[in-house]
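*Asks:* Heads up, here are the entries from TrEMBL:
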type	residues	note
REGION	1-20	region 'Disordered'
TRANSMEM	32-52	transmembrane segment
COMPBIAS	58-79	compositional bias 'Low complexity'
REGION	58-84	region 'Disordered'
TRANSMEM	180-201	transmembrane segment
TRANSMEM	222-241	transmembrane segment
TRANSMEM	261-280	transmembrane segment
TRANSMEM	300-322	transmembrane segment
TRANSMEM	334-353	transmembrane segment
TRANSMEM	379-401	transmembrane segment
TRANSMEM	407-431	transmembrane segment
TRANSMEM	463-486	transmembrane segment
TRANSMEM	506-527	transmembrane segment
TRANSMEM	547-566	transmembrane segment
DOMAIN	551-591	domain 'Mechanosensitive ion channel transmembrane helices 2/3'
TRANSMEM	572-590	transmembrane segment
DOMAIN	593-656	domain 'Mechanosensitive ion channel MscS'
REGION	780-829	region 'Disordered'
COMPBIAS	818-829	compositional bias 'Acidic residues'
Amino acid sequence: MSRPGPVLRQPGEDTKPATDRSFMIRHTGVRALLLALLYVLPSLVLAGPVSAQTPSLLPGLPTSSTSSTPSTETAPSATDRQQLDELIRILETEATRDRLIESLKAAAYQSAPADETAGTAAPSGEADLAESVPAHLASYTRSTVAALQEGAAEIGGLVAQAGYFLSGAQAINLPRVWNAILPVSTIAFATLAALALASFVRRRIARWLGSKAKPKAPVLRLALATVAMLADALTVILAAAAGHATSLFLTGGPPDINEALFLNAFALTELIKVGLAAFVSPHVPSLRLTPFSDGQARYWYRRLALVVTLLGYTFLFVAPVVQSISSVAAGNAVRFMVVTVSFLFVLWLILANRERVKLRLQRSYREGARNPQSRFYQFLGHVWWLLAASFVTALFALWISSPRSGFQFMLSASLVSVAAMAIGGLVVSILTRIIVRGIRVSDATRDRFPLLERRINSFIPKLLLVLRIIVIATVVAVILDAWSIFDLDTFSSSAFGRRFSGGLLGALLILTVGFAIHLVFSSWVEYRLNPNFGSVPTARERTLLSLFRNALTIALALMVLMLVLSQIGINIAPLLAGAGVVGLAVGFGAQKLVQDIITGAFIQIENALNEGDVVQLGSVSGVVEKLTIRSVSLRSLDGTYYLIPFSSVDQVANMTKDFSNFVADVSVAFREDVAEVKDLMQEAFRRVRESSEGIHIIADFEMLGVETLGDNAVLVRGRVRTLPGKQWGVGRLYKEVVKSLMDERGIGIPFPQTTVWFGESKTHETPPLRVAGAAGTALGDAEDGARGRAAASGAGAGRNLRTATRNPDGTPIPPDPKDDDADEGDPAR
């Protein structure tokens, strides 16, 4: 069935509104009604017996019957009237008409029901042919050719419609149009002069607002740009008011129809230009919301403002004046010529800036960025001009084919899309800057809570990233809804839409509240553990607060996870049951872990050790760095890190519990006076107490006395009591003072030595010691004088003498040959 061509109206025909609508037979409403009749009426006629048992395709239409009894005319019931009202409401609205058309098309091409096709099954050969590849190829070729024919018909219709628009130019009466527009020139001059005068004040306000803007404060810049836009809009309103005042002053009454058309065109066109100026800010760079340079902002603003001015004043002022004076066809011809010129200018603008925009889009990719965003912009740089030119061409063709409904739909969808992308892009850029820059806290807050800024920046950027994704998805949904591809209202009102949006917002709210609780509690623990503010925490407080923070973090994470899963529609009851089973299995399989936890709990209950204590666990000693519910971490003196499970701890030796003692052991020779040594130890304690380490001593010196009588020394012991963990520093200083006092008083410090004792007989006689000279002659005898002379002679000879002794029977014992090495170098040998 061929598509009917446009009904062309000759210039001399009557110009009534009904005639203006009649030339557009492809108007959306008429086309919808014709398609409805085209598909519904044949189905009603050809339905046959089946239609008697099935309802009509449209509510309210009577069904045909094959009964032999004559049909009797009855009044429609209330249900039928309601269905007819619903059908009328569907046909009154363009969107519902389009949906009805789509539904009718789908119903027309549906396959026959199973009960109808069961008895008339095609032969197997025909079925094989229908399912064969050539059949599919033929069907595809046939549909392609039909689409090409339809496209050619559309193009032919557009050309014919354009010719029809141009034919109306013959009806333009230029002298009458000029006579109608000329009286408006006075109002126009006064209005534009008022706008120019107000622009001086407006620019000063914009520059002052721009001086208050900061480069790294996008929210402040947006607020200032909004204020500047309101100021620009106010100047336009004042200029329009000045035009009305001029008309009132000149005529003494309200403006006539042409003056009102001009003032309305001026107000609407200039307000659109105000919005465009607020977006690109060509004169105040500090208020610019787009990443344009000064030259680019002025370039695009001037050319786009020219298009807006041309279209605005033509459609709102010039074309209505021409139409009222000449004819509707003349007004359409003026509109067509201006739209064509604007279309060609915009198309030239796109092609002229093809390379410039391409380089701008591909800048990050050329600089080395290879993220998905830079790759997308790199691809967009190659095809942007083609997409923009196609869009402008489609907009122009749609205006020609349907200058009212179709063009208004596309224009409104385009404006909504641009506004959604502008607002969404601004919000995304603000969120991106916050993510990159992070959250900063003041120095005073950082001193009180050193980890607060790091904790905030560990969560807020991730939350803002999710919000950025939500904003992008919302912008896409709004754009699809504007083009009637996706019904946002239906989705929002549906059960799934409410559940999806509610679950998403609930999950984000739960995550935010959970993080806020964790942040507050962790910051409070951090503040309580900070020794620079408030009271200094004890070791017990440090340990318990750290354990509570870890336990709360784990419990809070599990609760938030369960609530988030519940919000997004996942049933957590099986998860809880499964967790119980898994916990039971873990309890049997991880008995060592359970033992660690239970032992650690009892150790903490008994307060056996805390963070910062110096302890010995088994064979390992060191400072307690960290305590968890199952292990303890030690750092030894040489820096070795030990992680010890509590189940392997059989005893705990805490060297910093409540107080500490330094045990002072002083060893002296047997010949020294013990009382003098005790006095020396007391004096050393007094000196230590008067030093800087004395503040750590909490008791007087405790003298314990002689502890042991060793082989070579007498051990005298004392004890110094100090604060926990301070015994080592006090002990080192005490030892230094004792060494200094022993040197001053001449008290000898014993050292390892060997004493040879030959014993004595029962008569208490000691065997004499014989010393031999250089010639081997024995010196001395049993008399004391001879032994004295031998001793004196040995002292004089020094190391050149060799010693010798006698056996009990009086025979001499020769010297040990190993001692002959001591005589090397002796000239007497």
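We number each residue from 1, going along the chain as drawn.
Placement of Cβ uses the backbone N, Cα and C atoms for every residue, glycine included.
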*Asks:* Assess whether the transmembrane segment (180-201) lies in contact with the transmembrane segment (261-280), where contact requires at least three Cβ pairs under 8 Å among residues 6 or more apart in sequence.
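*Replies:* Contact criterion met.
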*Asks:* Can you say which of 334-353, 407-431, 463-486, 547-566 has the most Cβ pairs under 8 Å with the transmembrane segment (379-401)?
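*Replies:* Of the candidates 334-353, 407-431, 463-486, 547-566, 334-353 scores highest.
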*Asks:* So what's near the transmembrane segment (407-431) in sequence-distant terms, Cβ-Cβ under 8 Å and 6+ beyond its ends?
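*Replies:* That would be 94, 218-219, 222, 279, 289, 391, 394-395, 398-399, 464-465, 467-468, 471-472, 474-475, 478-479, 482-484.
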*Asks:* For the transmembrane segment (463-486) and the transmembrane segment (506-527), check the count of CB pairs under 8 Å (sequence separation 6 or more) and say whether it reaches 3 or more.
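*Replies:* These two stretches do touch.
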*Asks:* Considering every residue in the domain 'Mechanosensitive ion channel MscS' (593-656), what is the mean pLDDT value?
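*Replies:* That stretch averages a pLDDT of 85.
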*Asks:* For the domain 'Mechanosensitive ion channel MscS' (593-656), DSSP counts of helix, strand and coil?
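*Replies:* Per-class counts: 16 helix, 25 strand, 23 coil.
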*Asks:* Report the DSSP secondary-structure composition of the domain 'Mechanosensitive ion channel transmembrane helices 2/3' (551-591) as helix, strand and coil residue counts.
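*Replies:* Reading the DSSP string over the domain 'Mechanosensitive ion channel transmembrane helices 2/3' (551-591) gives 35 helix, 0 strand, 6 coil.
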